[in-house]
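**Q** Following this message is one structure expressed as structure tokens.
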Amino acid sequence: MAPTHVLRCCQRGLAWIPVIFIALVVCWSYYAYVVELCIFTIPSIGEQIVYLIFFHLSFIMFVWSYWKTIFTKPANPSKEFCLPKAEKERYEKEERPESQQEILWRAATSLPLYTRTGAGAIRYCDRCQVIKPDRCHHCSACDMCVLKMDHHCPWVNNCVGFSNYKFFILFLAYSLVYCLFIAATVLQYFIKFWTNELPDTHAKFHVLFLFFVAAMFCISILSLFSYHLWLVGKNRSTIEAFRAPVFRTGSDKNGFSLGFRKNIAQVFGDQKKYWLLPIFTSQGDGLTFPTRLVNADIEQATVTLQPEPDKSAAEVPSSPLSDSQNRLLSNDQHANNVEDHLANNTLKSAESETITISMESES
């Protein structure tokens with residue numbers, strides 16, 4: 001039986017096969033378009049120049065984003081999420097799950113954690129021996145915990161997560177543009193070769209096959225790209241789309257949604273001039289994320305308006321913000337615990353109308 005490390009090396013080598021396949025297809029498409037189509041088939045010099053300029057722009061952006069997606073290392077939890085040595089030894093020696101959870105709860109009191117397991121326990125990775133930050137998951141293919149893990153993509157031989165999710169979206173976008181441009185510009189010559197309006201040359205096979213390949217990739221990429229745009233708009237990962245994150249109040253599929261614009265900014269950043277470039281501009285550090293409680297619970301504040309006696313009372317719920325959203329959106333320091341508080345303020349206007357605002361929250 002072969003040693004384990006040899007099998008591991010073989011698995012890593014085989015994992016590059018999809019990437020090599022894509023690279024070969026891209027190289028062939030470059031040759032077929034530039035040489036066989038533009039140089040040997042298109043008679044007009046002006047048309048050749050225009051096609052080659054736009055082709056190379058889309059080609060460069062596609063290759064750039066694909067490269068960044070492949071070779072950007074997935075972000076991992078920081079050392080603060082590792083158990084101290086003494087606590088780690090106690091955790092490993094402890095056999096009862098209840099006692100292990102007590103150790104994790106003590107270690108997690110100083111950490112910004114707002115998600116739990118389905119049973120309400122602290123999320124801990126026995127493989128990596130770290131407390132999992134919010135939206136962090138263990139990738140079995142990469143054998144590591146990945147911050148804001150979306151999925152492991154075999155076509156890039158990498159785990160798509162916080163560090164390269166923007167690059168992955170741009171890779172899908174520019175690959176779609178690349179394929180659409182090829183299909184649109186090749187179509188007229190595809191028809192001419194198909195109807196024998198052009199003589200049979202060595203370029204005929206390349207042009208015909210180039211159109212079929214570009215059209216096929218367009219269809220497959222379009223569906224995947226549309227799905228991930230929907231995920232970005234909802235501020236969800238692929239994992240969270242199938243299994244909603246669990247907060248202290250229960251599972252909430254929209255727990256990390258901050259509204260469409262802020263959801264877009266979470267991935268692409270605040271400066272729009274960098275959105276289309278495959279450079280890292282995502283917000284945050286991948287360890288903590290602003291959240292919004294959607295389901296009504298006891299932690300949400302309620303604002304009660306009490307006008308003059310001759311007017312009917314109206315109760316207006318405030319925006320369902322969690323403590324973590326208030327902490328991150330205002331750039332304040334991390335809040336470790338939610339304190340019980342009850343405050344009553346009375347404001348008097350010039351017309352002697354009194355509005356009483358009552359804020360109630362319980363942890």
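For all residues, glycine too, the Cβ spot is worked out from N, Cα and C.
The compositional bias 'Polar residues' annotation in TrEMBL covers 319-332. As annotated by TrEMBL, domain 'Palmitoyltransferase DHHC' applies to 123-242. The annotation region 'Disordered' is assigned in TrEMBL to 306-332. Positions annotated as transmembrane segment by TrEMBL: 12-33, 48-67, 167-191, 203-227.
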**Q** Counting Cβ pairs under 8 Å to the transmembrane segment (48-67), which of 12-33, 167-191, 203-227 comes out on top?
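**A** Stretch with the highest Cβ contact count: 167-191.
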**Q** Go through the chain and flag residues at least 6 beyond the ends of the transmembrane segment (12-33) whose CB is under 8 A from any CB in it; none is fine as an answer.
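**A** The answer is 55, 59, 62-63, 66, 70, 141, 154-157, 182, 186, 206-207, 209-210, 213-214.
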**Q** Averaged over the whole of the domain 'Palmitoyltransferase DHHC' (123-242), what is the pLDDT?
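**A** The answer is 95, the mean pLDDT of the model over that range.
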